[in-house]
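Novice: Take a look at what TrEMBL says about it:
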- S65: active site, phosphoserine intermediate (ACT_SITE)
- S65, D277, D279, D281: Mg(2+) binding site (BINDING)
- 52-89: domain 'Alpha-D-phosphohexomutase alpha/beta/alpha' (DOMAIN)
- 105-167: domain 'Alpha-D-phosphohexomutase alpha/beta/alpha' (DOMAIN)
- 179-284: domain 'Phosphoacetylglucosamine mutase AMG1' (DOMAIN)
- 298-347: domain 'Phosphoacetylglucosamine mutase AMG1' (DOMAIN)
- 369-428: domain 'Phosphoacetylglucosamine mutase AMG1' (DOMAIN)
- 467-519: domain 'Alpha-D-phosphohexomutase C-terminal' (DOMAIN)
Amino acid sequence: MAQFEEVSQKSAIHPKPVGLVLQYGTAGFRTNSKQLDHVMFRMGLLATLRSKKTKATIGVMVTASHNPEEDNGVKLVDPMGEMVTPAWEVYATQLANAEQEELLTALKDVIEREAISMAQEASVFVGKDTRPSSDSLSQAVLDGVHALGGHSKDYGLVTTPQLHYMVCCQNTQGRYGEATVKGYYRKLSQAFIQLTKNVPNRTDDQKALLVDGANGIGALKVCEMETYLKNELQLSLFNDGSSGKLNHLCGADYVKVQQRAPKGVEMTAGERCCSYDGDADRIVYYYSGSAGRFHLLDGDKIATLISTYLKELLTQAGLDLQIAVVQTAYANGSSTQYLEDTMKVWTHTLLSLSNTHMRSVLTSPPSSQVLFSKAAEKKIQKLAQDSNTNAERRRAALLLQNTVNLINQTVGDAISDMLLIEAVLAIRGMTVQQWDAIYTDLPNRQLKVKVADRRVIDTTDAERRTVSPAGLQEAIDSLVKKYRQARSFVRPSGTEDVVRVYAEADTQESADALAHEVSLAVYRLAGGVGEESKSL
């Protein structure tokens, strides 16, 4: 077939290094950008096949999120804007690792297994972040799409959530929104303005927010969006990419792990600040207390704020809808206790939230994604449009309706989350300190341990317990017993040869000591490399 001849010809331009093995994980493929040219070409091929199979537009995002600037990566986006289905993650790994002469065989194997009609039209949307390598790597994706006769739309520089949004808009024939970046800005900003317009006497201080753009794509895009917000939110942007390096001493991951403000951000006491990650699908908030103490408001605090707000509105609207909060093992123990005991909200711990397709009302802390079921949306819309209902119920329904429109339900979205948090704080008349005081986090610490091969760590129970190497879980258990209100777990990174260590306890000193002791156990039992970590 002519298509396969073109694949062979184009593949020669994007050759695979012999023996290189990569794994498609929760973050897609992610490694040093120099190793990814062949992977990008092949993901263009795979996205084209996925489009033919689903008879829908598929997305390909070139990004490595919070990784260092020299890395890059790629994620596939399914028709409703969700992560690609797990079975196709397996195909992605097989295709990426096929040696050059085996590529056509691997490709035909996918076509055969999925019974794909090659006559079917294919459509692929492609986006990229601001890394220096993203230009050539996104071109490799486009080469793959065109080699199999697929149609492509190159969105250029977009955040990961914007690409997910556009794919969903395209496949819902515009019901979810307009499949353009301007359409995204219009939908979110109009919802934000509708939510905040009835808040009395909002001062300039209450509208002011410091934003750390991680020197990435989020900085560019939030600048573009500012004009749409019509001064209802006044942003001071730091780490905008004009001088600093992507994710270096800044960004959400840096702030969360280091528990300090990013480089270049000078905070006055009580001033609200937030940080995006490199592709703007994650966000954390923080502020400086009166004594100069750093206060972090991460996904747990965000989930609690939003679920409290939604529960209040549902009660005011008289709507019988359930709220669930889905957490990962990293969720602070205090947040789970507050949600279950005080809020009476159902919580559930998942291994990973990348393939969470539950369509109930839920928030998922790592990226603070909020989802509404279609039934919930219909009930809210019906009540908002019912002129016979009383004023309080209708007001609550209208607030809920605009909240639905403000949320990017396809994936966690730093810009959407920021606008939602700002709207909720305004509507509830809350300061950042009052938000922080909803519950008190147990002191915690995250560390990284470099290892020769992260695959020696195998986990179970939503990544909260290790199965291998032998003796590691027993060591963690005995260390945890030394401290009050303590827990600790370790998990391999999905993108680099490091093991992440999490610990919490009744005091920061205890949490730090426990994290350090567990990291030494990981170093000794899981093949640590370099120097052992020093106590904090």
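Cβ atoms here come from the backbone N, Cα and C positions, even for glycine.
Could you tell me the structural context for the features on the list?
Specialist: Around S65 (active site, phosphoserine intermediate), the C-beta neighbours below 8 angstroms that are at least 6 residues distant in the chain are A27, R30, G73, T160, D277, G278, D279, D281, R282.
A sphere of 10 angstroms centred on the C-beta of D279 (Mg(2+) binding site) encloses 32 other C-beta atoms.
Residues 24-33, 36, 39-40, 43-44, 46, 114, 116-118, 120-129, 131-134, 137-138, 141, 145, 160, 163-168, 170-172, 214, 217, 245-248, 251-254, 277-279, 281-282, 354-355, 357, 409-411, 495-496 of the same chain, all 6+ positions outside the domain 'Alpha-D-phosphohexomutase alpha/beta/alpha' (52-89), place their C-beta atoms under 8 angstroms from a C-beta of that stretch.
Within the domain 'Alpha-D-phosphohexomutase alpha/beta/alpha' (105-167), the DSSP-based counts of helix, strand and coil residues read 31 helix, 13 strand, 19 coil.
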Novice: Based on DSSP, tally up the residues of the domain 'Alpha-D-phosphohexomutase C-terminal' (467-519) by helix, strand and coil.
Specialist: 21 helix, 15 strand, 17 coil
Novice: Pairs of Cβ atoms less than 8 Å apart decide it: which stretch in 179-284, 298-347, 467-519 has the most with the domain 'Alpha-D-phosphohexomutase alpha/beta/alpha' (105-167)?
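Specialist: The listed stretch sharing the most Cβ pairs with the domain 'Alpha-D-phosphohexomutase alpha/beta/alpha' (105-167) is 179-284.
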Novice: Specify the count of other C-beta atoms within 10 Å of the C-beta of D281 (Mg(2+) binding site).
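Specialist: Total other Cβ atoms inside 10 Å, all chains included: 31.
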